[in-house]
Amino acid sequence: MSSAPRRPASGADSFRTPEPEILGPATAGFPEQEEDELHRTLGVERFEEILQEAGSRGGEEPGRSYGEEDFEYHRQSSHHIHHPLSTHLPPDTRRRKTPQGPGRKSRRRPGASPTGETPTIEEGEEDEDEASEAEGARAPTQPSPASTPSSVQFFLQEDDGADRKAERTSPSPPPPLPHQEAAPRATKGAQTGALVEEVMAVAGGTAGGDDGGASGRPLTKAQPGHRSYNLQERRRIGSMTGAEQALLPRVPTDESEAQTLATADLDLMKSHRFEDVPGVRRHLVRKNAKGSVQSGREGREPGPTPRARPRAPHKPHEVFVELNELLLDKNQEPQWRETARWIKFEEDVEEETERWGKPHVASLSFRSLLELRRTLAHGAVLLDLDQQTLPGVAHQVVEQMVISDQIKAEDRADVLRALLLKHSHPSDEKDFSFPRNISAGSLGSLLGHHHGQGAESDPHVTEPLIGGVPETRLEVERERELSPPAPPAGITRSKSKHELKLLEKIPENAEATVVLVGCVEFLSRPTMAFVRLREAVELDAVLEVPVPVRFLFLLLGPSSANMDYHEIGRSISTLMSDKQFHEAAYLADEREDLLTAINAFLDCSVVLPPSEVQGEELLRSVAHFQRQMLKKREEQGRLLPTGAGLEPKSAQDKALLQMVEAAGAVEDDPLRRTGRPFGGLIRDVRRRYPHYLSDFRDALDPQCLAAVIFIYFAALSPAITFGGLLGEKTQDLIGVSELIMSTALQGVVFCLLGAQPLLVIGFSGPLLVFEEAFFSFCSSNDLEYLVGRVWIGFWLVLLALLMVALEGSFLVRFVSRFTQEIFAFLISLIFIYETFYKLVKIFQEHPLHGCSVSNSSEADSGDNATWAGTRVTLGLGNGSSAGPAGQGRPRGQPNTALLSLVLMAGTFFIAFFLRKFKNGRFFPGRVRRVIGDFGVPIAILIMVLVDYSIEDTYTQKLSVPSGFSVTAPEKRGWVINPLGEKSSFPVWMMVASLLPAILVFILIFMETQITTLIISKKERMLQKGSGFHLDLLLIVAMGGICALFGLPWLAAATVRSVTHANALTVMSKAVAPGDKPKIQEVKEQRVTGLLVALLVGLSIVIGDLLRQIPLAVLFGIFLYMGVTSLNGIQFYERLHLLLMPPKHHPDVTYVKKVRTLRMHLFTALQLLCLALLWAVMSTAASLAFPFILILTVPLRMVVLTRIFTEREMKCLDANEAEPVFDEREGVDEYNEMPMPV
């Protein structure tokens, strides 16, 4: 039947909840009362016009004949694929029209409800007018000319159509139905509160009244998502659809309604019904909000719709993106040539040299991104394509392009041929193995292949219509139906070195994205396809390396199109390399998800104005702005629960998420107090000792052996250096022998029992300063230095027990960067000062003389010859004497001062240069690291050889005894009498030793706990945990016991511990070019530290070699440690800013977030505290410098918080140091910690 035009229903009418009404039949005249009831029941405002015209005209209007022009219009307007706007959109929102064949029943959905209630839509942000206009614009279908007026049918479920199948067998008009036979549909549920639209069905019978009509029955609620047909059946072009068998015609409306509408209305209707308009959202209503309006179809049992195989859940993987462009080779043959690739950053192929350029951040044009979004909005999108070969994928893509009217049917073979062209890569000419481009299949074998109509159809394969004209098509057999061809005998495919090297950089389980772009002149307009395979498969001869492919992007078009194909290819490649976008591509269910992901990418992109940039400094703000946007993006991502795409909405969900995060943080906190005596110590034992056996099994690795050799020299060099200087300070009461033995013994015990065996314990600068101060105090008060150390050790053990019992290790959290930097800067100044002080002293003992001045005043020429000839012997006996001159050590030797200066400066500059060389660009990285790590031993060796080669100049040597002996056997033995060696030790000093014990405990506590904090940072990814309480107790207790033997105290050495941890860190080989290396694992074991301690102890047997080391060389190492420990100290950097104009200040947080004067005020306060400490150390009260140092903690907590705001303190006193694993120039372990060496 033909219907009169109807006007769009309003938004209020479209979403009214109907009342339960009884629907009866309508006679030819339709009385007024029944018309009112029908109005109230169906709520369609112009239902009166439809039915009256149907009753009046009936079958009198002759059928319209269609010509070739009409069929051409039908083909051009009906082959657009209809994609749902959202997965949440219920099926009943997509209107479907049945063709006007004989016996067809027209159907209509009610547009409004009889009640005046206006319900709310769950998606409250949508525009109701747009949806209502779209609903009202849908027109009735045109009847067959031979048919009589038929009723409107509404089916809510498949069984409705089954029950009424008999009623559709005759073209006769239906008889009237009783008014009381229809029943209401189920209303909305109280639990969900969702809107349920009540739809009443009017059943029609045959004209002859064979069965007299079917009685009405209560309608059940439609199951969401059920359809009476498969959406995949709509994927066919119009030319394949016969008029009499057409199931789903795509004409926008019928002729009668089209005559009353303007051209703009028709275009809008066609666009709304058959296109997926980008940027326009329809009303999103949950599936359970409405029932589905289904339709039975003639000639088919309306049973359950056969469903495609369920989509496997897609877990996002790392991606490898390859951009291939359609270019001509040397023989002027077209081929796909790789021009760029993305692992994380873009790498381009240099055209002239055919080699890969440096990785860089991809810079995209804004227009290319807009063009990409437009092509994705209108191109072909195939998600979860079930194909295993490139020809199979290409065939599906080409068919989809034909269906979506992107290409003509006659261009099918040309596009398919272009997709199957050869792929070439820059590394092909470098490889001499079997060529990679093995034919994946003969294109000629595909041309004569017919599609079997009886074969099982794939959901993505178009099948010919029943009764339609058969058409010759290109078809590829499924891979499961054909056995793979056997390779030729004797030929194997081996990976080249280039492939192996590239595969190391690609993350494990990565999946590839192939981007194909190019110009072809046989197309009249660009065509695009985005494909996601159901399962990742390796496509032969496509990629540079054998990585399974999951995504393909194709863009072909003529050169006349106003489109830059290369830039669009770079844009989609960059998008796929972006983490958020490729995760969205994995989880996308439809085209809208991809478009939304592109919009999210644009939200975090930066657009540069088209202005000329004179220097790179002008672009610094761009990087900072980008970091801010990425930080905001990450913060928004953290708010989302893992595995969900929604933000926690309620306050309870957010509170629960915060509680879970806080619980995880508290559970892993080793400094958390238990409230029980020794509770922290017990937790340390329970946490660490269960891994005791694995601490030895994990050492069975070649990397551990290399770490032993490296750490041995890293531990021996400071032991020799500090031992020699300690002998100078204590008149050989404690020297190299004692320090080596203490390092070995305490190192062995700590590695066997400690909670964090990655710590390297050793002597340090702060302990050297304390030993010098305590020795001066004992000398001035006629006290025995070694006996006093015994009583200090006794009190140290008691203090450690008290601290561990009270779980006092948490106090290390209050030692902020403010105190650490003052401490580290003070020790560095002491190192540098002592170096030049010793050098000046050498110049005083051996002054420079003119050439004409005789040296007889000091010694005659014979004596000089004797000193020169016996320099080694004198050096062995007097090399480390620190007492007044006259103990057999020569004075006034010519050139001694100059040679000492050369040795000191040479040692410093060689060690410093090798440290810089480690992060330089010469030689491979492995060679540079070896040279840089052994920089200090290499510097010592070179300078010792230089000194040994100069035989006629005297230099003071290191004092090392022969064999297992103390440094000065005539002064002391291996066991110290606590009551006094030469005289009785005063009792008051036994008690007063508590004060220096507190001071040295402060030093050991700060160094050990802060070092443990640095080692235990979460960035290092340690798995076995640490033990603050257990390690502190062991180190202090061992120091107290070693004092009985006259051995020095030790603490956790920060630089050596960090070096040890870095040496045992295994970095991932799958590092994208240009990216920072990531930690794969850390070899947490006890064997390396144990072997290093044993080797240091055995070094006592190489005393003959150690006695050849001049003290000037040790002064150079001392200077090196003082200078390098200044790196990474923010206080030192802010001192530079005092002399620098603000425009040259660096782009760091404490400069940008804090005003310059306030920043300088903070620096001045630190400088004042440093000056106070230096003044204390220059007086007789130098022993109390640890107490003055610890006072800076309450100063920072009480005074500075009143001067500076909380935000300023976070910027100026924040610990931003991170573990350093990459090879940035001038950055190493010293930059990681503001702690003294």
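One-based numbering along the chain as shown.
Just so it is clear, glycine is given a Cβ too, placed from its N, Cα and C backbone atoms.
The feature topological domain 'Cytoplasmic' is assigned by Swiss-Prot to 1-704 (among others), with sequence analysis given as support.
The compositional bias 'Basic and acidic residues' feature in Swiss-Prot is assigned to 37-49 (among others).
Annotated compositional bias 'Basic and acidic residues' per Swiss-Prot: 58-75 (among others), in sequence order.
Sequence annotations record features per position, and here Swiss-Prot assigns compositional bias 'Low complexity' to 137-151.
Annotation comment: Swiss-Prot describes 205-215 as compositional bias 'Gly residues'.
Marked as phosphothreonine by Swiss-Prot: THR253.
Residues or ranges marked as N6-methyllysine in Swiss-Prot (evidence: similarity to another entry): LYS270.
Marked as region 'Membrane (anion exchange)' by Swiss-Prot: 704-1237. Per-residue pLDDT, averaged along the region 'Membrane (anion exchange)' (704-1237), amounts to 83 for this model.
Summarising the annotation, Swiss-Prot assigns transmembrane segment to 705-725 (among others) and lists sequence analysis as the type of evidence. Long-range Cβ contacts of the transmembrane segment (705-725) within its own chain (Cβ-Cβ under 8 Å, at least 6 residues beyond either end) map to 735-740, 743, 747, 760, 762-764, 768, 834, 880, 933-934, 936-937, 940, 958-959, 1053, 1056, 1059-1060, 1063-1064, 1083, 1088-1089, 1091-1092, 1095-1096, 1099, 1106, 1109, 1111, 1114, 1117-1118, 1121, 1237.
If you look up Swiss-Prot, you'll see 750-770 (among others) marked as transmembrane segment.
Under the heading transmembrane segment, Swiss-Prot lists 792-812 (among others), citing sequence analysis as support.
Residues or ranges marked as transmembrane segment by Swiss-Prot on the basis of sequence analysis: 822-842 (among others).
Swiss-Prot lists 843-893 with the feature topological domain 'Extracellular'.
Here Swiss-Prot flags ASN855 (among others) as N-linked glycosylation site, drawing on sequence analysis.
Under the heading N-linked glycosylation site, Swiss-Prot lists ASN864 (among others), citing sequence analysis as support.
Here Swiss-Prot flags ASN878 (among others) as N-linked glycosylation site.
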Q: Determine how many residues of the topological domain 'Cytoplasmic' (915-929) DSSP places in helix, in strand and in coil.
A: 9 helix, 0 strand, 6 coil
(Q) Test of understanding: applying the rule of at least three C-beta pairs under 8 Å (pairs 6 or more apart in sequence), is the transmembrane segment (985-1005) touching the transmembrane segment (792-812)? (A) yes
Q) Taking the transmembrane segment (750-770) as the reference, which of 822-842, 985-1005, 1032-1052, 1086-1106, 1170-1190 gives the largest number of Cβ pairs under 8 angstroms? A) 1032-1052
Q) the transmembrane segment (1170-1190) vs the transmembrane segment (985-1005): three or more C-beta pairs under 8 Å (separation of 6 or more)? A) yes
Q: Answer yes if the transmembrane segment (930-950) and the transmembrane segment (1109-1129) have at least three CB pairs under 8 Å among residue pairs 6 or more apart in sequence, and no otherwise.
A: yes
Q) Residues of the same chain, at least six outside the transmembrane segment (1086-1106), with any C-beta under 8 angstroms of its C-beta? A) 695-696, 699, 704, 707-708, 711-712, 715-716, 719-720, 736-737, 740-741, 743-748, 750-752, 754, 757-760, 958, 960-964, 1060, 1063-1064
**Q.** the transmembrane segment (822-842) vs the transmembrane segment (1109-1129): 3 or more CB pairs under 8 Å
**A.** yes
